[in-house]
Amino acid sequence: MAKKLGKSPVAKEEDKEGLFASCSFTDLGLHPTLCAHLQDKMGFQAPTRIQAQAIPVAMSGQHMLVKAATGTGKTLAYLAPIVHLLQMREPRVERTDGTFALVLVPTRELCLQVYGIAQQLVHRFHWLVPGYIMGGENRAKEKARLRKGISILIATPGRLLDHLQHTSSFVYPNMRWIVFDEADSILELGFGKALEDILEHLGSRNDTSNQNKNKMEPMKRQNLLLSATLNEKVNRLAKISLKNPVMIGLDEQNSSAHGKNHTSLLSDDEEEILEKHNVTVEQAVDDFKLPAQLVQRYVKVSCGSRLAILLTILKSLFERQLSHKVVVFLSTCDSVDFHHTVLSQLEWSPGLQLDTDKKQKFISCKVFRLHGNMDQDDRKKSFLGFSSEKSAILVSTDVAARGLDFPKVKCIIQYDSPGEASEYVHRVGRTARIGEKGEALLFLQPIETDYLRDLELHGASLTEYPLQKVLDSFPVNGQRLHKRKQISLDMHPWIMSLQRALESFVTSEDTTKKLARDAFCSWVRAYTAHRGELKKIFMVKKLHLGHVARSFGLKEQPSLLGRSHQVQLKKRKKEQKRERPAKRRKIPAKR
């Protein structure tokens, strides 16, 4: 039978309806200096409910599995107790002792973010040294930092495994903590085998065949696994990395209904652990928990008007509130590059009078981009730049959808559909974080509205965005018309004028036109890649490719074949023509 944890005084004081617990960080047992720093310098007045449950468990030394909604403070839930325990260690931790805590994250941007939080946490404990290693960075410089010693190491799996295999100066015999942050994302990115190899190297795999190889005492190593969603891959990772773990947030609805504490300790029987995890996975897949303060909307637009309406909504947002941060999610890297160019460079005349010389930027704020094909330096600049701005737009692929906590993001626009409902949850999780208000907007074509039913099945309910009202608020040719007949969005004067401006901008330069063509081709390829039941909703056969081209500011539909393919196709047709037997001319008979 699974052993139950008694309900702590802290848990009794929790505000069950809200995000925050009614206790303080001091009540959780953290060092007074660390608590004062959290409140005075980092601005954390009270722990979230997840932090109130996880921090005491993390300090107890037990393995832990945490399932919590995005934006609930999972990073602090493991970093704060690690810093607390390290600063108390006697004799004092030195750099030559090597690495004590390892945090594994899925992306480079999340690596930088966790490193930044760790830096702030150890500010008053100067002998603790955080550091990071990740793909794209200079390996020799990382090797030098590892040689000097890093107390708290944040890493992406691929680069960590590389150093474990090839960097002899990497000192980790004292490693006490291994943290899997955003574990579901790590596994979805294909790092499952790398994680198993890492656990083998560090002697933390729960295989009986490896017990004799493990030189460390089993009780000295504590593994923590944190995830916003659960699936079979996460289940397997938990089975091989966690031993008798404390479970947090996995069965809140069930436990509350029975009046039981939802934090429980499992038995040593791995089959029982697996069975318990499977039950939890089935429950978790059916429903996703989203912040109550998140306003979710959808906008239904025809394909050809998508770009003009995106620009209109962004302009409306920034005119409504000057200090605004927005993340726009797109499906491909090429699409990100194209839309970044349009948003940052498109100029227009007041009232969209194209014949006037007085022009200004359509979007006045800074625009950043983020995707996996960018150079590491450019990715870092974009991530840090957008984080530091008070008013900005970030256009990004799903590389920014997991774990990243951009300050003060008020709106998420899913311009391209996320596909799986779990991805929708991760995207909208970039706003309405830690109790703050936020809004999320999903673009859908008329042929895609069945996707709303799929989201409803997973607990996400969206209302329609008042697009007509927003369009009518903009003047055309310097005049604001007060009475307008109900017309289709495609024929709206504002949309028609803006579409002409977009097509003029895109076709004015060859470089911009090439960006648009590449974005068009990659978008169509991505649209065909939807899996399972979603293929019935997102059917490429139902698309009008001419209208898709229009959504990239193109007047004509580009060929979906590359230039080399076109040349080969023409060559093949010529060869086939030559190989055909020549037709005999019919000579009319003489009469």
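Using the three backbone atoms N, Cα and C, a Cβ is placed for every residue, glycine included.
Positions annotated as motif 'Q motif' by Swiss-Prot: 23-52. As a summary of secondary structure, the motif 'Q motif' (23-52) carries 16 helix, 1 strand, 13 coil according to DSSP.
The domain 'Helicase ATP-binding' annotation in Swiss-Prot covers 55-248.
Annotation note: Thr72 (ATP binding site) sits in a coil segment as assigned by DSSP. The ATP binding site feature in Swiss-Prot is assigned to Ala68, Ala69, Thr70, Gly71, Thr72, Gly73, Lys74, Thr75; the stated evidence is sequence analysis.
For the motif 'DEAD box' (181-184), the residues of the chain that approach it from at least six positions outside its boundaries are 74-75, 78, 103-106, 110, 114, 225-231, 233-234, 237, 402-403, 422, judged by C-beta separation under 8 angstroms. As annotated by Swiss-Prot, motif 'DEAD box' applies to 181-184.
The domain 'Helicase C-terminal' feature in Swiss-Prot is assigned to 293-482.
Swiss-Prot lists 562-591 with the feature region 'Disordered'.
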For the binding-site residues listed (Ala68, Ala69), most other Cβ atoms within 10 Å of the Cβ sits at Ala68
For the motif 'DEAD box' (181-184), DSSP counts of helix, strand and coil?
-> 2 helix, 0 strand, 2 coil
Restricted to the motif 'DEAD box' (181-184), the mean pLDDT of the model is 92
Within 10 angstroms of the C-beta of Thr75 (ATP binding site), what count of other C-beta atoms is obtained when all protein chains are considered?
-> 23
